[in-house]
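S.K.: Would you mind keeping the following structure in view while I ask a few things?
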Amino acid sequence: MAAGHASVAALPALHETPGLLGLSALGFNRAQSIAFLALLAALIVGPFFLYPVFLMKLLCFALFACAFNLLIGYVGLLSFGHAMFFGMGGYVTAHAAKVWGFTPELAILSGGAIGAALGVVAGWIAIRRQGIYFAMITLALAQMIFFVCLQAPFTGGEDGIQRVPRGHLFGIIDLSRDMSFYWVVAAVFLAGFLLINRIVHSPFGQVLKAIRENEPRAISLGYRTDDYKLVAFTLSATLAGIAGGTKALVFGIATLTDVYWAMSGEVVLMTLVGGLGTVFGPAMGAAVIVTMQNYLAEFGAWVTVIQGVIFVACVLAFRAGVIGELGRVLKVRL
Amino acid sequence: MLEDLLFQLELGLPQVVLGLVNGAFYALLSLGLAVIFGMLNVINFAHGAQFMMGAFVAWMMLNWLGIGYWPALVLAPLVVGAFGVVLEKTMISRLYKLDHLYGLLLTFGIALIIEGLFRNQFGSSGMPYSPPEILSGPPVDLGFMFLPKYRLWVVVAALVMSLVTWLVIEKTRLGAYLRAATENAALVQAFGVNVPRMVTLTYAAGVALAAFAGVLAAPIYSVNPQMGSSLIIVVFAVVVIGGMGSILGSVVTGFGLGLVEGLTKVFYPEASSTVIFVIMAIVLLARPAGLFGRA
């Protein structure tokens, strides 16, 4: 008991140490700095050991899960409709790259732009209710977007948008080789990851956490909580759109799978497995789930069953997730 | 202009009436969700899967055991309700002290498991289930259209079931206990009512309602593992529109939205799959608590 107490008391001190290589400027404590350096190393070394396309897929989902975690982990809003931003981001990026001939960075940014635009509208509607209703509303709105995508001519219906070219970065660097595109994807992920971390540790992020802990109290302190929630929702949607757009360029295809409700469920699962409200959890959860899908793909519908079992197990016995539990054992915040 | 519209409506009237059939399922499913939510504060994401189970149990009873439609209409809800008891006892009941969102996540996981297992066993293609002989004769002449007998029966059965549920909750002693426990469970328990058992049975009853709807649906839609999952999302929208405060509210909203969907099929078919979600958005902007909800 005494040991536990001492280490908890030591946490703020750890946080204040200049830390490793000045990483505390990013808001990381010492443990998080070490984890971040490990993540960086894995990003750099990864493609030399693992199939780059697999890693790129993993990074897209990791960014998607981090974006989702910004809402559930720091504002306490469970969105069950994030597939609409992910999927629409994919469609718009694919359309921009293929039909409009955008360079990849602009195509991915247009994916983020559609995520932002959708996020403002969906958020504006959904934040009128809290808790379970919020989840149901976002799910219903996402289903509406799914039907729109099913019927709209530009999405190609059941066929999707196929053979999307990756193009040349800034019009110069050819990205058709997987190894070259990997570094772009890694940079996009890293930028998104650090941006979210920056948001969480900003004064704005502190207000978000206050809303999560006690919304009426935040209101009574004079914060317009609805505005904060809407901004957070839009940021999350934007990053989800970027993640979806990047994934569309990785595989050269945008399909209905990414706007379907099952995708919304998957991102919830990834974040839950990794640990809600942890910095590294969503990325870890994405790694676990994408790897699992990769190895279990041949078992067909069993993947759904196993995902369901993981959901149930996480909710009943393992609510802190992998990173949450690890942090508890090591007595640090990750 | 107006004559044009009226002519179009006359042509499309059958669609509108068929919309009522969809409305019957919306009403029954949102009713079950509301009953469960009122008592457990859990949104039962597995509701669609349990609806599908109802249809499958009826199909299995017919094809494996030779049990026909009418017994199945009673037995299938009992079987699926018993399954609900197990779920509540072993899993859902552990979550009452936590954030309600965990109940949603748990039941979502359960829905995935059920759907996946049925897909493994039966594949994704649908299986036919023919309506009972007495309801499969020539369609009924309603004057302006011929309605298959079975669809008429679905609307009537859903209305009767809704009425029965309403009577049980509003007019019986058991219903009074239920409503009291919804308001203040601890106090009702102090009076010697076994509240945990009541909670279990409430969940089972809600699940049985979903299974009942599933049996009703079996002859109309082909019996397939995905039949519940897309339906349940629409029903969530219905629940948001109506608000989960009142039983009659769910029923009226369910049938009403079925009608609206039918009308949309006549006037602007492209929007028929999205109209309910659009209405949900409008209702949220105008009256966030829902049409029948308490703010």
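Glycine too: its Cβ is placed from the backbone N, Cα and C atoms.
Dumping what TrEMBL says about this protein:
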type     : residues  : note
TRANSMEM : A:31-51   : transmembrane segment
TRANSMEM : A:58-86   : transmembrane segment
TRANSMEM : A:106-125 : transmembrane segment
TRANSMEM : A:132-154 : transmembrane segment
TRANSMEM : A:180-200 : transmembrane segment
TRANSMEM : A:230-255 : transmembrane segment
TRANSMEM : A:267-290 : transmembrane segment
TRANSMEM : A:302-324 : transmembrane segment
S.K.: Same chain, outside the transmembrane segment (A:132-154) by at least 6, Cβ under 8 Å from its Cβ: which residues?
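M.R.: Sequence-distant neighbours of the transmembrane segment (A:132-154): 77-84, 87-88, 91, 95, 118, 122, 125-126, 161, 256, 259-261, 264.
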S.K.: Using a Cβ cut-off under 8 Å, which residues of the same chain at least 6 positions beyond either end of the transmembrane segment (A:180-200) come close to it?
M.R.: 26-28, 40, 43, 47, 52, 55-56, 59-60, 62-63, 66-67, 69-70, 74, 104-105, 108, 166, 169, 173-174, 208, 232, 235, 239, 242-243, 246, 249-250, 279, 283
S.K.: Could you tell me whether the transmembrane segment (A:267-290) and the transmembrane segment (A:31-51) have 3+ CB pairs under 8 A, leaving out pairs under 6 positions apart?
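M.R.: Between the transmembrane segment (A:267-290) and the transmembrane segment (A:31-51), which are separate recorded stretches, there is contact, as judged by 3 or more close Cβ pairs.
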